[in-house]
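First up is the structure itself, then whatever we jot down about it.
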Amino acid sequence: MDIGNTSLVTEFILVGLTNHPEIQVPLFFLFLGIYIITAAGNLGLVTLIRLTSHLHTPMYYFLFNLSCIDLCYSSVITPKLLVNFVLKRNTISYAGCMTQLFFYCFFVNAECYVLTVMAYDRYVAICKPLLYKVTMSPQVCSLMAVVVYLGAFIAAWAHTGCMLRLTFCDANTINHYMCDILPLLELSCTSTHINELVVLIIVGFDVGVPGLTVTVSYVFILSSILHISSTEGRSKAFSTCSSHIIVVSVFFGSGAFMYLHPSSVLSMNQKKVSTVFYTILVPMLNPLIYSFRNKEVKVALKKTFSRKIFL
């Protein structure tokens, strides 16, 4: 993808999350703490899954991918946000802005698709346990991962490619803490109808198809769980799904709230707050939710720590 600049603008100014100087320093330390927790949590989960043999299953294979995505996803967004809190004038070059936009779109779409595949994995595990090893074989899981990243690349390329065709004349102040699609469209001095149509199609697909897949999967899962006779069996089945349901609800809910409204309905400040949920908070919450609500991960953590102590 050629990041050629047909615009008059050579750099953009990022306004940041807030214009109130008195809360810039507290927010800097808050989001720095969130980023440290995000990086440590996801790196820890990636390392734990890699080192623990009994976690080498389809569920944890996709959780491994989710943690890698969250780590990269957060690293694309948060460092530039932190700079906003300490500099009076935070600029980003045109090429840098388009690069950030591409990777932001890539990782957010990859997360969307991975969460969908994880719902399907839980459906097969609970509803068709006898076919699980065949249906979710290593070859099938690898193919699903390829489809996830290929789909994310196509979506990111579509958004960024459409953005590159726009011309930015004089206005170069982005009312956001990152190079997001909607704030950039507001600055264009050429028609954005094609871009808005692409956003509607891709986001509609990313929310609609995965949302339908997740909903249908959990309808069948709930039906199967209710037919389990033992209380212990039902409890175990619910526990394997509850973490995923929480993450999916926060991620898809905030994404739909942000992009599936007409641009005039929400103020930019409301949009920025919504974006914080799925760009900064979700990558932090994922490893915490999957660690504290997952017995297998907690057991693996205890074994790992006990080995370290005795060494």
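Cβ from N, Cα, C; glycine included.
Since the structure is predicted, the reported quantities are computational estimates derived from the model, not experimental observations.
Per TrEMBL, the feature domain 'G-protein coupled receptors family 1 profile' maps to 41-290. The transmembrane segment annotation in TrEMBL covers 27-48, 60-81, 101-120, 140-158, 197-221, 241-261, 273-292.
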Worksheet item: When you scan the chain for residues with a C-beta under 8 Å from the transmembrane segment (101-120), skipping those not six or more beyond its ends, what do you find?
Response: 1, 59, 62-63, 65-66, 69-70, 72-73, 76-77, 144, 147-149, 151-153, 155-157, 159-160, 163, 178-181, 184, 202, 206, 209-210, 213-214, 217-218, 244, 247-248, 251-252, 255, 278-279, 282
Worksheet entry | Rounded mean pLDDT for the residues that make up the domain 'G-protein coupled receptors family 1 profile' (41-290) | 86
Worksheet item: Do any residues of this chain, six or more beyond the ends of the transmembrane segment (273-292), have a C-beta under 8 angstroms from a C-beta of it, and if so which?
Response: 17, 31, 34-35, 37-38, 41-42, 44-45, 63, 66-67, 70-71, 73-74, 77-78, 81, 104, 108, 111, 176, 178, 180, 243, 246-247, 250-251, 254-255, 257-258, 266, 298, 301
Worksheet entry | Contact ranking winner - 27-48, 140-158, 197-221 against the transmembrane segment (60-81), Cβ under 8 Å | 27-48
